[in-house]
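Reading through the structure tokens given below for one structure.
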Amino acid sequence: MSIKIELFGITFENPLILASGVVDMTPELLRRAHKEGAGGVVTKSIGIEPRKGYDNPTVVEVPCGLINAMGLPNPGWKAFLEEFEKESFDFPVIVSIFGGNPEEFAFLAEKLERVGDAFELNLSCPHAKGYGLEIGQDPENVYRVVKAVKDVTDKPVIAKLTPNTSDITKLGLAAEKAEADGVSAINTLKAIAIDIYAKRPILSNKFGGYSGPGIKPIALRAVYDLASKLDIPIIGIGGITTWQDAVEFLLAGASAVQIGTAVYLKGFSVFREIAEGIRKYLEEEGFSSVKEIIGLAQKV
């Protein structure tokens with residue numbers, strides 16, 4: 001049975017997408033993710049200027065996941081474009097971009113128009129001052145950023161939403177009003193880990209983003225809420241490590257899912273395992289496509 005999906009007019013071999021920020025953004029590693037079963041990939045977030053990121057330690061493993069504060073390390077748009085515009089991929093590549101204001105997002109979308117199949121707007125990084133979270137918590141800012149990007153590109157635009165808010169649906173509705181093609185949710189939760197013997201925060205940045213199985217129920221609720229209010233597709237993110245997790249997100253209303261921390265902890269093979277589990281589930285439950293189960297839990 002095929003578990004292909006159509007999203008934003010793009011064909012994905014399956015509904016599993018490599019999340020941004022998990023692996024280095026070399027073309028070779030993105031191809032490896034696809035070879036191991038990812039239906040598509042999202043690059044690391046690209047900004048206007050190169051960023052070194054934070055000093056180590058930048059990642060700490062905690063019960064039920066990870067806390068990371070990488071600091072949005074990236075080579076800048078010029079170096080990224082130089083490396084990627086000469087590459088061709090036989091699978092969907094979504095380019096993640098970040099900026100400090102709508103003009104910066106629009107600038108990057110214009111400059112990177114020749115690369116990838118869609119843009120994901122990182123409106124929700126919880127640990128990089130002046131970017132992401134500080135922009136993405138305000139529905140008006142979400143609207144302005146999405147609209148600025150939509151004004152300069154014909155490619156699909158996906159707004160990545162923060163869970164660090166009282167009502168994520170307001171952010172989703174703002175993105176939809178600005179004609180976003182879809183939203184992805186959730187990004188990481190702002191968190192901290194403390195070394196009880198050193199008596200100080202473990203990460204060099206003190207705070208980071210919490211990801212992994214521990215945030216799955218929160219992410220699932222966010223997707224469920226968004227699906228009840230929005231008419232545009234939702235990509236579910238947050239703690240997906242098994243095929244059962246992925247199916248839950250699809251039933252909640254996600255059209256596809258992104259997988260990140262599970263790749264860090266278990267390797268790329270997690271994509272094939274989850275894809276096979278989804279395929280068997282559909283067969284056993286009498287469905288002929290992924291599309292048939294999207295949002296079924298909304299109809300109770």
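Quick reminder: no glycine exception, Cβ is built from N, Cα and C everywhere.
Quick look at what Swiss-Prot lists:
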type	residues	note
BINDING	S20, K44, S45, N122, K160, I186, G212, G238, G239, G260, T261	FMN binding site
BINDING	K44, N68, A69, M70, G71, L72, N122, N187, T188	substrate binding site
ACT_SITE	C125	active site, nucleophile
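Annotated features, which come from Swiss-Prot, shown on the structure.
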| residue | record | Cβ within 10 Å |
| --- | --- | --- |
| S20 | FMN binding site | 27 |
| K44 | substrate binding site | 20 |
| S45 | FMN binding site | 27 |
| A69 | substrate binding site | 28 |
| G71 | substrate binding site | 20 |
| N122 | substrate binding site | 30 |
| K160 | FMN binding site | 27 |
| G212 | FMN binding site | 23 |
| G239 | FMN binding site | 26 |
| T261 | FMN binding site | 28 |
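If you draw a 10 Å sphere around the CB of T188 (substrate binding site), it holds 31 other CB atoms from the protein chains shown. Looking at K44 (substrate binding site) and S20 (FMN binding site), their Cα atoms lie 5 Å from each other. Across the structure, N122 (substrate binding site) and G239 (FMN binding site) place their CA atoms 18 angstrom apart. The DSSP secondary structure for K160 (FMN binding site) is strand. Largest CA to CA distance in the FMN binding set (S20, K44, S45, N122, K160, I186, G212, G238, G239, G260, T261): 20 Å, whole number. Annotation note: N122 (substrate binding site) sits in a strand segment as assigned by DSSP. The CA atom of G71 (substrate binding site) is located 17 Å away from the CA atom of K160 (FMN binding site).
It is 11 Å from the Cα atom of S20 (FMN binding site) to that of T188 (substrate binding site).
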